[in-house]
Amino acid sequence: MDPRSRPYRSVLYIPGSKPRALDKARGLPVDAIIFDLEDAVSADEKDNARDTLKEALAQGGYDPRVKIVRINGLETDWGADDARAVCDMDVDAVLLPKVGSAADIDALAKITGDLPIWAMMETPKAMLNAAEIAAHPLLTGMVMGTNDLAKELQTRFRPDRLPMMAGLGLCLLAAKAEGLVIVDGVYNAFKDDDGLAVECAQGRDMGFDGKTLIHPAQVAVANTAFAPSAEEIDLARRQIAAFEAVEASGQGVAVVDGKIVENLHVVTAREILAKAQAIEALQAG
Ligand SMILES: CC(C)(COP(=O)(O)OP(=O)(O)OC[C@H]1O[C@@H](n2cnc3c(N)ncnc32)[C@H](O)[C@@H]1OP(=O)(O)O)[C@@H](O)C(=O)NCCC(=O)NCCSC(=O)C[C@H](O)C(=O)O
Ligand SMILES: [Mg+2]
């Protein structure tokens, strides 16, 4: 199944150590959840968090959201135990932090077998090796780790994210070339809805499938930003209708709102409608 056939507008991190947040997530309208054992969990809590998460997932209540567990790196004291534990959890994928190369994905797959893998793209080495990481046969998704990337690049946080653009662009190219899901990094100021909306719009325009989030208050903004708008849906329908009409008369180019519509635009229009339908189905289900 094409991993991009499901919506990924909102992808919420939930600390695996927080039972209250794990419970809260059962009622949140997010498209996907990253159950976190890495940076949201302190060293003292790591082992307990693994057990707490295992219990929460066994209880269930998270479907139909996509369920992903972010483990600690395999070079840490906890990574291998996390990876073994994930094999016994009912999840869709395992997320490996600080991936540097395709060899890191191979090392995880030795433990997790054929479970789909997602990669945190958050180091300069990952940006430079994005193509080989994306081409790994078990990889189905990428998550931008913009906090770690900023740290490694020694950049300042800027609203336009100019210092990150090269890295974001390389990962987008790699993910799109391989048909992977790719979601944007988090927006740290979780009470600033306006700033979040600006960053979501930028990510959406660049081609990200959605945004990773750290707080329930961010969900609605991301869900709106990454869904096709009513205007986009209307335009897509009119483009398809106009193109089918000219095609029936033996021509290959239609004009809608003063702009040409060719076969390739119709492909995009159909993708927009399919995405809108997938979102509707998710909300209904
Ligand atoms: C940021 C927070 C520490 C704030 O927590 P808190 O003070 O508890 O917030 P609220 O009181 O406003 O919470 C209201 C209710 O919502 C629940 N809650 C809060 N956060 C979450 C969540 N992420 N998922 C589900 N539910 C959540 C609270 O439990 C309250 O519930 P209730 O009492 O029942 O009403 C906190 O939001 C937080 O810890 N967020 C997650 C932080 C995190 O995951 N960080 C790691 C990921 S970011 C990262 O690592 C990026 C990447 O690697 C990079 O490099 O960029
Ligand atoms: Mg990180």
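Backbone N, Cα and C define each Cβ position, glycine as well.
These figures come from a predicted structure and were not determined experimentally.
The feature domain 'HpcH/HpaI aldolase/citrate lyase' is assigned by TrEMBL to 9-216.
Under the heading substrate binding site, TrEMBL lists R70, E122. Proximity of E122 (substrate binding site) to non-local residues of its own chain (separation of 6 or more, Cβ distance below 8 Å) is seen for P97, K98, M144, G145, T146, N147, D148, L149, E152, given in sequence order.
What TrEMBL lists as Mg(2+) binding site is E122, D148. Around D148 (Mg(2+) binding site), a 10 Å sphere centred on its CB holds 18 further CB atoms from the protein chains shown.
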Cβ packing number for R70 (substrate binding site), 10 Å threshold: 26
Model confidence over the domain 'HpcH/HpaI aldolase/citrate lyase' (9-216) (mean pLDDT, whole number): 97
Among R70, E122, D148, the binding-site residues whose C-beta sits under 6 Å from ligand 1: E122, D148
